[in-house]
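> Look at Swiss-Prot and you will find Asp8, His10, Asp41, His197 tagged as Mn(2+) 1 binding site, backed by sequence analysis. As annotated by Swiss-Prot, Mn(2+) 2 binding site applies to Asp41, Asn79, His114, His195, with the evidence given as sequence analysis. If you look up Swiss-Prot, you'll see Asn79, Arg80, Asp122, Ser160, Asn164, Lys167, His195 marked as substrate binding site, on the strength of sequence analysis.
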Amino acid sequence: MATLFIADLHLCVEEPAITAGFLRFLAGEARKADALYILGDLFEAWIGDDDPNPLHHQMAAAIKAVSDSGVPCYFIHGNRDFLLGKRFARESGMTLLPEEKVLELYGRRVLIMHGDTLCTDDAGYQAFRAKVHKPWLQTLFLALPLFVRKRIAARMRANSKEANSSKSLAIMDVNQNAVVSAMEKHQVQWLIHGHTHRPAVHELIANQQPAFRVVLGAWHTEGSMVKVTADDVELIHFPF
């Protein structure tokens, strides 16, 4: 058996091929797993669990079917869907996890997260993240009418795209010291995350021992998952 990890699908109505690929994944590979972990940015945007977007209800039903089949499903918030709440989690049968979670998997101690908190060189993003994660601001935003939230979200995405276009690729990647610090804080030799859209397996030293950072790919033109078994940790790309 295996435990599966995915991230950065950025589901939206404008990308039906990705949605179809995810549905096939849920009906196939996911049903064979010991557990499924979604490490953030499942959706391109999330403005509240009360958004009547049909895509959200379709995905909730599909994930719930996996959960009901006996495969526990877990979710860590990303930078795009950090407002996904308990209502949607309940509808989809997912368990919400904190932004950093340590798992004991087949004899390995593994830290999982979305990954945006590791990009500490991007001071502008980290300041923005700290602001939008303030509980009072989230409560205020979610109390706004839905049409207002949609306008704000669209403007924020446009601003983010413009800001990122002028940033170097290095700034938007993880900071190596932040990676080592997180792994040593949790006393792990394995880290799995997404966010950067740069799939790879990196070797490093943490806790004075060899360690590994596994980065999930985004679902743009193909699927990406990490498959952890008793024998191996594999980064796998597959066609939709």
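Quick reminder: no glycine exception, Cβ is built from N, Cα and C everywhere.
So where do these features actually land, and what's packed around them?
The Cβ of Asp41 (Mn(2+) 1 binding site) lies under 8 Å from the Cβ of Ala7, Asp8, Leu9, His10, Gly78, Asn79, Arg80, Asp81, His114, Gly194, His195, Ala218, each of these being in the same chain and 6 or more residues away along the sequence.
Counting Cβ atoms from all protein chains shown, His195 (Mn(2+) 2 binding site) has 26 others lying within 10 Å of its own Cβ.
Counting only same-chain residues at least 6 apart in sequence, those with a Cβ under 8 Å from the Cβ of Asp122 (substrate binding site) are Lys167, Ile171, Met172.
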> Please list, in sequence order, the residues in the chain of His197 (Mn(2+) 1 binding site) that are at least six apart in sequence and whose C-beta is under 8 Å away from its C-beta.
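Expected: Asp8, Gly217, Ala218, His220.
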> Which one of these binding-site residues, His10, Arg80, His114, has the sparsest Cβ neighbourhood, judged by other Cβ atoms within 10 angstroms?
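The binding-site residues His10, Arg80, His114 were compared, and His10 has the fewest Cβ atoms within 10 Å.
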